[in-house]
């Protein structure tokens with residue numbers, strides 16, 4: 001059976017959903033509401049599926065709040081506007097100017113009736129959410145408002161608002177008397193978290209001065225200061241149920257070290273602590289927000305836009321899953337697992353993300369101390385290799401069934417960033433063994449071949465080191481038989497090496513700029529390269545000559561892969577396009593467009609049936625081949641078209657004008673339809689019919705909205721020509737007589753159709769009137785001549 005070349009792909013893109021700032025969660029409604037630049041995205045919390053996207057006003061979102069009932073969403077932007085939407089319809093209820101400065105923080109009460117907003121000019125306003133009016137305008141802080149918390153008794157007369165600012169003070173406002181009843185001075189830096197306990201007898205505050213302050217709200221005295229060990233971004237009380245079991249009020253905190261901690265405020269004792277996110281890494285990944293459901297679940301937001309779903313009780317904090325809000329710049333990606341069921345991505349971070357099939361949840365692989373640059377997988381998918389700017393490479397054992405990912409080997413020895421890594425293609429001696437060796441290339445201009453003998457420990461030694469190129473090494477690939485490997489460099493050359501001896505056996509020269517990627521074919525003795533000169537090339541490995549050059553990208557070609565049993569190449573470019581090429585003809589079979597930035601990463605599984613591309617705009621796109629389905633669909637359409645044409649010809653032969661007209665309309669054949677109407681009008685079987693046949697008049701009088709809109713489009717086109725305008729005008733006569741103007745006005749694009757019909761109709765009326773006048777003059781002249 002001949003190989004079917006892939007020429008049609010169906011895209012599915014995973015777009016960023018969170019770019020930083022305050023997000024909101026409704027646990028009851030399973031909603032996650034996040035800002036993404038100037039827009040707001042609403043996703044299903046359990047699956048990550050995007051439900052709605054609310055377009056912004058052109059300015060960045062500075063704060064947002066979701067009412068406890070999830071009925072209203074309030075969004076503040078840098079344009080000083082406050083926009084209120086009803087959910088789930090996302091209908092804009094009102095838009096007002098909230099403050100004279102950007103709103104930094106906002107908070108709603110538990111009854112979903114009040115909203116507090118704090119601005120950068122130190123002003124605080126309290127709003128009636130449903131009515132949309134201001135109930136309080138509170139002034140007193142001398143700095144940017146940084147934290148707010150509303151507490152009130154449902155149906156009671158006690159309503160308080162706690163506020164914190166970068167003037168290092170906390171104020172308590174009585175919303176009933178509209179006065180500030182306390183100014184609490186105990187912090188030395190900006191306050192970032194506030195919370196009341198259940199009866200508002202205690203207030204806790206946390207700030208970037210690394211302390212939690214516990215306040216008595218009756219005496220307004222500082223009861224206790226708890227050293228928090230980290231700059232804090234959020235604090236809050238845990239539920240009374242958990243506090244009772246721990247014999248004391250328990251608070252949680254999240255700080256810049258990336259850990260979530262719980263504290264007994266009676267003893268200042270730390271009860272639980274998660275592993276800091278930035279441990280063993282030079283990256284600073286902190287907790288920026290915690291949303292607590294009031295029971296045993298919390299959503300933890302990290303500064304790298306990761307969203308972590310956690311469960312907690314008095315004994316432990318358990319991480320359920322991680323969700324990617326934003327991948328940043330996706331540098332590399334590869335499928336892992338025996339069935340390629342997970343996708344590993346390197347996204348401008350020291351952490352490797354292992355994505356699930358929904359592109360939302362992921363596991364974090366931590367081991368590098370600086371940005372991961374390159375990834376590769378073993379042929380069986382059980383091993384992953386990564387290289388980094390920390391001058392090392394790591395070999396990971398991937399146990400997807402048990403969700404365990406462990407470091408098996410550290411490759412230490414390069415003196416510069418390791419920009420390329422590649423496994424041997426043959427399997428190890430035992431099924432549990434990794435590939436026999438791995439090749440790395442570095443910014444130190446050397447290439448190293450490492451023996452992966454894990455029986456000797458986790459630190460491997462290089463078999464040999466070779467000075468490889470004059471500039472950075474961008475890519476490495478090992479031949480299918482492991483006898484040779486290739487290195488691609490910014491020095492515009494690709495070198496072929498003998499694996500055993502480490503000697504150069506061939507050099508590929510022809511690219512005019514740095515070479516970004518190199519790949520061996522598994523089916524032929526050829527190799528593909530791509531370069532900053534906007535081309536990809538195919539080379540013969542027998543004599544190292546260039547066989548073919550693929551031109552079509554308008555920017556650097558960054559990745560190249562063989563797919564379809566070596567009959568096609570897939571490339572990605574700096575202009576944001578992915579192209580699939582016919583190796584034999586050199587022609588581009590299909591261009592795939594889903595990115596707005598450089599497509600740095602490209603991976604394939606099932607020999608190209610599925611492609612995945614990742615770009616600098618943080619968009620990850622899965623391309624699924626639908627070529628065979630498209631061929632079958634086109635064949636089905638052709639068969640159906642032949643059958644319909646035969647049926648139409650049968651109606652014409654029988655002079656069954658009614659069914660012939662309906663068939664021509666359903667087939668979208670305007671010329672055949674025009675000739676049908678001409679024939680009916682010419683025959684004129686029924687004198688009282690506008691179109692010549694009452695049955696045809698009846699058809700036109702009872703069309704569906706889609707059919708009527710389509711026919712009006714034909715009439716518009718026919719009306720532009722004097723030879724076909726008679727048919728158009730007669731049809732228009734029947735339509736205007738049969739349909740009410742209110743019905744016509746509801747048709748899609750009717751205004752544009754009417755605007756096009758009127759001037760030509762007036763032109764035809766003028767022409768006919770002129771002809772009538774000229775005819776009358778001729779008749780008059782002839783009559784006078786006979787006299």
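Heads up, the Cβ atoms here are built off N, Cα and C, so glycines get one too.
The model shown is predicted, which means the values in this text are computed figures rather than measured ones.
What TrEMBL records for 645-785 is domain 'U3 small nucleolar RNA-associated protein 13 C-terminal'. Sequence annotations record features per position, and here TrEMBL assigns repeat 'WD' to 96-137, 138-183, 184-225, 365-406, 466-507, 508-549, 550-591, 592-633.
In terms of DSSP helix, strand and coil, the repeat 'WD' (365-406) has 0 helix, 24 strand, 18 coil. Residues of the same chain lying 6 or more positions beyond the ends of the repeat 'WD' (365-406) and with a Cβ under 8 Å from any Cβ of it are 279-282, 331-342, 344-346, 348-354, 412, 414-423, 425-427, 434-435, 438, 440, 442, 452, 460, 475. Below 8 angstroms of C-beta separation, residues 471-472, 474-480, 486-496, 555-562, 565-566, 569, 571, 573, 581, 583, 586 of the same chain, each at least six residues beyond the ends of the repeat 'WD' (508-549), sit close to that stretch. Here the repeat 'WD' (365-406) returns a mean pLDDT of 93 for the predicted model. Listed by sequence, the residues of this chain that lie at least six past the ends of the repeat 'WD' (466-507) yet keep a Cβ under 8 A from its Cβ atoms are 374, 419-426, 436-437, 439-443, 445-449, 513-520, 522, 527, 529, 531, 539, 541, 544. Across the repeat 'WD' (550-591), DSSP classifies residues as 0 helix, 25 strand, 17 coil.
Each residue in the repeat 'WD' (96-137) gets a DSSP state, and the totals come to 0 helix, 24 strand, 18 coil.
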